[in-house]
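Undergrad: My questions will all concern the structure given below.
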Amino acid sequence: MDLGFLLQTLIPSWNSVAVLVIFFAYLAVAGSILPGKLVPGVTLQDGSRLHYRCNGLLALLLLVGILGIGSKMNFLSPTVISDRGLELLSTTFIFSFLTMVVLYAAGCRSRSKSSSLKPHITGNLIHDWWYGIQLNPQFMGIDLKFFFVRAGMMGWLLINLSVLAKSVQDGSLTQSMILYQLFCALYILDYFVHEEYMTSTWDIIAERLGFMLVFGDLVWIPFTFSIQGWWLLNNKVELTMAAAVANCFVFLIGYLVFRGANKQKHIFKQNPKALIWGKPPKVIGGKLLASGYWGIARHSNYLGDLLLALSFSLPCGISSPIPYFYPIYLFILLVWRERRDEARCAEKYKDIWAEYCRLVPWRIFPYLY
């Protein structure tokens with residue numbers, strides 16, 4: 001592709017701004033008015049507790065339905081996103097940057113003593129910008145951290161659906177594209193079916209809202225996790241039946257480990273006496289679960305996530321490393337995050353964590369790492 005043309009396609013337009021604004025406006029309104037389970041978050045240091053309305057699945061299905069009807073009635077093109085991919089990428093990046101400017105300024109000026117809004121300023125501009133200053137900043141009653149991750153996951157599916165529509169329109173739909181779309185759609189729908197589990201993840205309960213999360217949720221998730229779909233638009237891959245079946249097994253195993261581990265952790269936090277695989281849970285120091293998947297590896301959910309990421313790329317074959325950007329990146333990210341998690345847990349739980357590490361020596365990959 002000509003460099004000049006590429007740079008031109010990156011320039012935001014009012015159309016891309018409108019798409020982004022309408023998307024965020026819909027999520028804000030739908031998240032506030034649609035019915036959904038009200039899930040209590042973890043108890044914060046000051047004793048307060050946020051509550052999250054988990055209606056993401058209904059909001060997503062309603063949005064897809066509205067877009068489908070709009071496309072059928074020729075009110076909008078189903079390829080509006082795939083036709084403006086780079087435009088939307090640059091627009092979303094600029095929005096993320098401006099959002100972080102506002103969050104940083106609001107955090108520095110905050111005088112709140114609450115755990116959610118108390119400013120954590122180290123004096124290192126890069127550190128404070130990257131990791132954020134406040135734990136749970138809000139805008140018009142909307143918890144921004146929960147809102148942004150929901151936007152990223154929905155955006156990923158919308159990009160994929162638009163790429164799928166483009167491949168159908170161009171007559172380039174292949175088995176590989178169908179497998180990729182199916183795996184991603186199942187993963188994203190499953191995320192929203194179990195959206196309440198997100199409320200007990202480290203990102204929600206401990207990470208402050210900085211550029212790392214804002215950029216990661218709004219730009220990185222939707223635009224890099226969909227690279228395989230974009231690649232398949234321009235590269236035809238024919239899989240053997242054996243390769244397709246093996247790909248399905250990788251996805252299934254990854255899903256069982258990822259969802260099973262996260263479900264066990266979430267249930268344990270809600271009820272520490274709940275059975276794990278039909279047996280009473282083994283608990284270290286009354287705090288750390290050492291049963292089920294968590295008795296196999298200390299970060300077994302990361303292993304499931306990596307297998308799922310690999311399953312999204314395998315439909316693209318092995319002719320190019322480009323479609324494998326996501327699993328390679330995720331491997332680096334999760335190993336880095338696992339190291340950060342280990343350091344935090346060692347500081348927080350001290351001897352209890354050391355005992356857990358002796359009982360469960362494997363970090364992510366049993367018998368390997």
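Placed from the backbone N, Cα and C atoms, the Cβ positions cover glycine too.
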Undergrad: Tell me which of 147-165, 318-336 corresponds to the transmembrane segment entry in TrEMBL.
TA: 147-165
Undergrad: Do any residues, 6 or more residues outside the transmembrane segment (213-233), come within under 8 Å Cβ-to-Cβ of it, and if so which ones?
TA: 82, 85, 88-89, 92-93, 95-96, 99-100, 103, 132, 145, 148-149, 151-153, 155-156, 158-160, 163-164, 166-167, 170, 172, 174, 176-177, 180-181, 184, 203, 207, 312-313, 315-316, 320, 322-323, 325-326, 329
Undergrad: Do the transmembrane segment (55-76) and the transmembrane segment (88-106) share at least 3 Cβ pairs closer than 8 Å, excluding pairs fewer than 6 residues apart in sequence?
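TA: Judged by the Cβ rule, the two regions do not touch, with the required three close pairs absent.
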Undergrad: Excluding the flanking five residues on each side, which residues at least 6 beyond the ends of the transmembrane segment (239-258) place their CB within less than 8 Å of a CB in that stretch?
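TA: Hits for the transmembrane segment (239-258): 175-176, 179, 183, 186-187, 190, 293, 300-301, 303-311, 314-315, 317.
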